[in-house]
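**Q** Just dropping this structure here.
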């Protein structure tokens with residue numbers, strides 16, 4: 001849903017092609033972005049459902065009995081591997097599906113990949129909403145995860161290629177915004193369905209069909225991207241689509257750059273092998289670390305299990321869901337802030353400021369829980385309010401920093417020859433550690449108790465130190481100048497991108513030509529989730 005307010009300032013030296021923000025492009029982006037809405041809804045819905053008594057009694061009776069036991073340790077009420085598998089199986093399935101989605105996206109196009117995602121979502125939703133036993137529930141969750149894998153591979157790519165250059169950066173973060181809106185919508189749904197007995201949880205899981213249906217219908221009626229058509233040899237059709245989405249017949253220059261970029265990129269036969277070469281070491285290390293750090297902020301633990309977490313902290317059922325809605329709203333609003341701030345104050349400043357804010361918030365939460373829940377009693381009202389405020393403080397800082405930037409920075413630092421492989425590494429590492437945290441969090445909460453917040457706070461300190469010394473600023477740096485203006489200027493990374501390293505088995509002329517096309521908004525690999 002592009003708008004002038006979301007446009008990032010053009011980088012010095014960047015060239016824009018003629019393009020209008022047409023009604024067709026707006027409608028296209030609204031439909032395609034429903035993939036982000038679907039992903040966010042899946043993230044948010046699981047925590048609320050797993051806090052509902054009707055759901056627990058049917059599928060996890062052991063957890064239900066522990067929850068109702070007055071003698072059970074408050075931190076351990078929800079410690080159950082099956083319950084955690086219900087949440088985390090989605091991300092493990094998404095990880096596996098990503099490998100297949102990468103193949104279909106490149107060889108068959110973005111539209112078919114989105115259609116597959118939509119179908120998987122719909123079938124998964126039906127299985128979950130109609131689940132009669134735990135096996136059926138987990139299978140449905142796995143199908144949803146496969147849908148996530150396909151959608152997260154194709155949708156951001158589709159948006160990036162459809163959007164005019166001047167709104168490309170904002171639109172990529174807009175996808176992240178849709179994820180946060182999906183989480184908020186899920187929390188609102190949970191708040192309402194928690195009062196519907198005994199089938200409220202079925203309604204919560206079933207309403208995921210709305211964004212799933214939008215994505216499926218959209219993938220049928222929308223055109224394929226010109227990048228994909230040209231990449232697969234449909235040059236005339238690609239040019240016709242380009243005229244349609246740009247709102248002008250003056251597309252020859254952009255079309256020629258698309259053809260050139262496609263031709264050069266197809267000469268790269270082993271992108272993953274190139275990714276391992278010395279010259280790509282800085283980008284690879286930073287990408288892997290950013291994805292690991294993003295999960296070890298503790299954000300997904302909070303977003304997955306927000307209602308469960310609030311109940312553990314002593315909130316009653318309605319109050320816990322209400323608090324989760326507040327957190328979801330803060331998440332949405334703070335992501336909007338990042339759209340405006342990322343190209344004004346820079347990536348490093350947002351990450352460092354957020355690091356300090358997250359560290360302080362988690363430390364305060366840990367101290368309050370350590371002093372307020374010694375005997376597993378409910379928290380005093382004043383303490384509970386402060387904890388909600390601190391969690392909101394934590395979520396807001398994540399939403400304008402590690403949330404969108406964890407995806408943005410890798411997408412803008414890899415050279416074109418390895419950008420597709422680099423993006424695959426980004427997705428895979430992220431999903432692996434999302435699965436790890438999702439599967440382990442409730443057990444960690446039982447073991448560490450209030451110390452879980454000190455655990456994540458210590459990781460925030462580590463990642464902030466990493467940003468301070470090892471992450472260079474990439475704000476307003478043209479992609480084709482990233483090596484010269486960023487990597488060669490860094491005190492450590494310059495040792496990996498010497499001219500001798502760049503010349504090793506590397507076609508500099510092809511690279512220069514290809515990157516020139518990328519800067520003008522034509523690279524089909526320059527995307528983020």
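Here the Cβ of each residue, glycine as well, is placed from N, Cα and C on the backbone.
Unlike curated records, TrEMBL annotations are generated automatically.
Given the structure is predicted, the values throughout are model-derived calculations rather than measurements.
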**Q** Between 254-273, 354-373, 474-493, I'd like to know which one TrEMBL lists as transmembrane segment.
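**A** The listed stretch tagged transmembrane segment in TrEMBL is 354-373.
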**Q** According to TrEMBL, which of these ranges is transmembrane segment: 113-132, 233-252?
**A** 113-132
**Q** Find the member of 83-101, 171-189, 201-223, 354-373, 385-409 that has more C-beta pairs under 8 Å to the transmembrane segment (421-442) than any other listed stretch.
**A** 83-101
**Q** Express the predicted model's confidence over the domain 'Major facilitator superfamily (MFS) profile' (28-475) as a mean pLDDT, rounded to an integer.
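**A** Average per-residue pLDDT within the domain 'Major facilitator superfamily (MFS) profile' (28-475): 84.
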**Q** Top stretch among 21-41, 113-132, 448-471 for CB pairs under 8 A with the transmembrane segment (201-223)?
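**A** Most contacts with the transmembrane segment (201-223): 113-132.
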